[in-house]
Amino acid sequence: MDLSELERDNTGRCRLSSPVPAVCRKEPCVLGVDEAGRGPVLGPMVYAICYCPLSRLADLEALKVADSKTLLESERERLFAKMEDTDFVGWALDVLSPNLISTSMLGRVKYNLNSLSHDTATGLIQYALDQGVNVTQVFVDTVGMPETYQARLQQSFPGIEVTVKAKADALYPVVSAASICAKVARDQAVKKWQFVEKLQDSDTDYGSGYPNDPKTKAWLKEHVEPVFGFPQFVRFSWRTAQTILEKEAEDVIWEDSASEDQEGLRKITSYFLNEGSQARPRSSHRYFLERGLESATSL
């Protein structure tokens with residue numbers, strides 16, 4: 001799986017896909033949808049689709065695909081390689097960066113994770129149709145209420161039979177195949193993550209990445225910058241990250257804030273100007289270096 005596009009820019013979203021097998025353009029196909037990395041506070045979320053002709057569904061089952069959560073990493077990679085070697089299975093996926101997820105959730109107009117997930121799944125199904133895949137059935141592992149999600153997808157694709165169920169990745173082989181694609185992509189994305197921040201400690205032993213993992217929490221505490229927060233590998237909209245920011249980061253006065261409740265806090269400008277007894281030398285942050293910005297003491 002070539003993740004070079006994500007390695008060049010891991011701040012937004014990245015779409016990858018296999019070539020469409022010729023048979024998938026000619027014969028009616030079944031398509032499965034699943035994701036990997038919805039819950040972690042670290043790393044991207046990956047949505048994937050996998051499809052094959054209805055006439056070859058038994059051949060897909062014969063590969064012994066299963067819910068990716070029940071498989072070892074080596075087994076997932078082996079099964080993904082098997083699917084790649086066939087002439088009847090196709091796939092596509094969207095890699096959603098932590099930065100995209102958090103800025104969406106904390107934007108002025110809120111865009112929650114369920115909505116982001118639904119829209120990404122819808123976009124991938126439409127992508128398969130645009131590529132000429134003859135999709136007649138879709139099976140989806142649910143996010144939120146399955147009835148509501150199914151009705152929404154059915155409205156978007158009225159000519160396709162849509163089924164949305166909990167644990168679909170364990171019930172339908174084509175969804176199991178999609179879960180394997182998504183998990184393999186996320187695992188590789190996390191392993192090859194390019195930290196644009198110059199971290200003082202290159203330690204990448206951050207555990208599972210889930211919010212309740214003590215090793216993950218320890219890594220977050222070690223890599224929080226008092227003013228600019230976390231590396232872009234972190235979903236800063238997660239409660240775990242916000243709690244650490246509240247404890248470890250600096251409180252500041254924003255210049256347009258009312259002053260009554262801000263006693264004892266430093267002004268935001270104090271972090272950019274070397275002034276007063278608390279001044280400390282520090283190199284410019286990457287944000288300013290990339291834009292050629294320098295501190296100005298007067299206008």
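Backbone N, Cα and C define each Cβ position, glycine as well.
What TrEMBL says about a protein is an automatic prediction, not a curated fact.
Copied over from TrEMBL, here are the features:
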BINDING   D34, E35, D141  divalent metal cation binding site
DOMAIN    28-250  domain 'RNase H type-2'
*asked:* Using a 10 Å radius around each Cβ and all protein chains in view, which of these binding-site residues has the most neighbours: D34, E35, D141?
replied: D34
*Hey, for the divalent metal cation site built from D34, E35, D141, who else sits with CB inside 8 A of the CB center?*
V33, A36, Y47, A48, V140, V143, A168, D169, V175, A178, S179, A182
*Give me the mean pLDDT over the domain 'RNase H type-2' (28-250), rounded to a whole number.*
92
